[in-house]
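Participant: One structure, as structure tokens, below. Some questions next.
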Amino acid sequence: METSTISFSSSSPPSPPPPQPAPGDIDAVSLGRLSRNLENLLDPAFLNCADAEIVLASGGGDPGGGAVVGVHRCILAARSRFFYDHFSSAPAPAPATAGDKPQLDLDGLVPGGRHIGRDALVAVLSYLYTGRLRSAPPEAAACLDDGCSHDACRPAIDFVVESTYAASGFQISELVSLFQRRLSDFVNKALAEDILPILVVASTCHLPELLNQCIQRVANSNLDNRYLEKRLPDDLYAKLKEFRVPDEPHSGILDPEHEKRVRNIHKALDSDDVDLVGMLLKESPVTLDDAFAIHYAAAYCEPKVLAELLKLESANVNLKNSSGYTPLHMACMRREPDIIVSLIEKGASVLERTQDGRDALTICKRLTREKDRNEKSEKCKERSKAYLCIGVLQQEIKRRPQILEDQMSAEESIATPLLVDNFHMRLLNLENRVAFARIFFPSEAKLVMRIAQADSTQEFAGLTSANFSKLKEVDLNETPTMQNRRLRERLDALTKTVELGRRYFPHCSEVLDKFLNEESTDLILLESGTAEDQQTKRMRFSELREDVRKAFTKDKAAGAAISSSTSASSSPRYETKLRPGNKKGKLSR
């Protein structure tokens, strides 16, 4: 019998070999791997094979250590002409110290070297090692304020300023151009006092365009001349004064004789001579407040000098200078906990705000890096001054919680200008809330507005956009003090209206909160999106409208017993609640 043999073979062609990367892709992968490998050399956790060390001034801004960065001379010399020239001209080490690593003092190595911190130095060195500029570490370039976007806060500025000093000193032109553009963006966004480090680095590193931009911005700010004189080198301050208008408020000069007496007091404080300050006060009509002596001591003097100064005479520790800062604000900019405690003990308010809405705690947080928080410090170890300042301010705020929410209306002075965006935003938010309350709960709204005396103020009479636009209108017959008083009274009345509404009509207030927080309640949004989205939004709007109706019925029933006991009137149950002999237990839950 013949046996047939059947062979099985695939009719499909063999699978093609995997595609080979193009030569350019291979180069990119290899260079990327090389960059990562070289970057490991700057990692303290990696094998320490450095043959030289760069010594930072004062620990490079890192308390408790990190004052030395190990480097490799061969890499730096190959990548940087600056380091090639430096290492080739450096004398050979002495035989007795041949085994030691040569050290480069950063303060004497480059202009502005004493300002460079470890994080900025490592970032610039990493560019020399890898050819890539890595992003700034968040813990070094972000502040502690959760409400800050960190695009122009002080830690972000300081990191780029320090990096500019390093890049300019090491003659890395492409990095200098990049950092200059970033600093230019900061000038347009940052606070005036935070621009001063940029002004100094622009002068030191010979960046004329950036320097002129900084001078124009600072010259037009409300920073007083004494502050600038203390913070800037003499040549920069002299150049800046040329651009300032002499009769502006920031000049602080009333007359030559007054200016002379004030300067004598400040010179005595510079010499720590509080006794001389006392003599000068007795010999002239100038007071501590006139000379802003508490501000000066809080910003520039030793803590003991301020403590002695506060004993001389009664001074207003909450007085604001021409820039809108209290002595506590100045102390927070300095982050000196002893001075902060001394001022608080004398009655300084932690809730006073600057013209742009910052309080003392916010000032401290926006000056403090995340890495400076130092919350996990070991026992028996000193904590950073920044951490102590924040802790003191937080405890003081907790001690007075009843005035935290109503800070703006609790301020005693009405002379400080209030026409700033955050103030108007708060006022507009309150007006919007009261306007919706009058639409949804007209009777309840009228009652609480009468109690809060809000309906007696002309500004609250209408609900049109024309009335809201009056917020920023200028009445030529109205002085700034009158305008500020009117705005404060308006804010107080609206705040009181909302508080009374929450107390006596909690269900209505709860639904109003829900209504204002729901994006779908915007009538414009009801018609946006797909058909399915519009249907969902309409359903949600109907649900909220039903909640409004139920809440109205519930609060109305709660006050029915009181209403029935009153005589007939246009609004009987409201008038009953105002009479002292009636019970209110059911309405104040």
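For all residues, glycine too, the Cβ spot is worked out from N, Cα and C.
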Participant: State the residue range annotated as zinc finger by Swiss-Prot; the candidates are 65-79, 140-154, 380-394.
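Facilitator: Comparing 65-79, 140-154, 380-394 with Swiss-Prot, zinc finger matches 140-154.
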Participant: Could you check which of 345-379, 555-589 is flagged in Swiss-Prot as region 'Disordered'?
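Facilitator: When 345-379, 555-589 are checked in Swiss-Prot, region 'Disordered' belongs to 555-589.
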Participant: I'd like the Cβ neighbour count for H150 (Zn(2+) binding site), meaning other Cβ atoms within 10 Å of its Cβ, all protein chains included.
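Facilitator: A count of 15.
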Participant: If we count other C-beta atoms within 10 Å, could you say which of the binding-site residues C143, C153 has the fewest?
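Facilitator: Lowest Cβ count within 10 Å among the binding-site residues (C143, C153) is C143.
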Participant: Given the model, what does the mean pLDDT over the domain 'BTB' (52-137) come out as?
Facilitator: 81
Participant: What is the number of other Cβ atoms found within 10 Å of the Cβ of C148 (Zn(2+) binding site)?
Facilitator: 17
Participant: Can you see whether DSSP assigns C143 (Zn(2+) binding site) to helix, strand or coil?
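Facilitator: Where C143 (Zn(2+) binding site) sits, the three-state DSSP reduction gives strand.
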Participant: Cβ within 8 Å of the Zn(2+) site's Cβ centroid: which residues qualify beyond C143, C148, H150, C153?
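Facilitator: The surrounding set, listed in chain order, is A142, L144, D145, S149, D151, A152, R154, P155, A156, R366.
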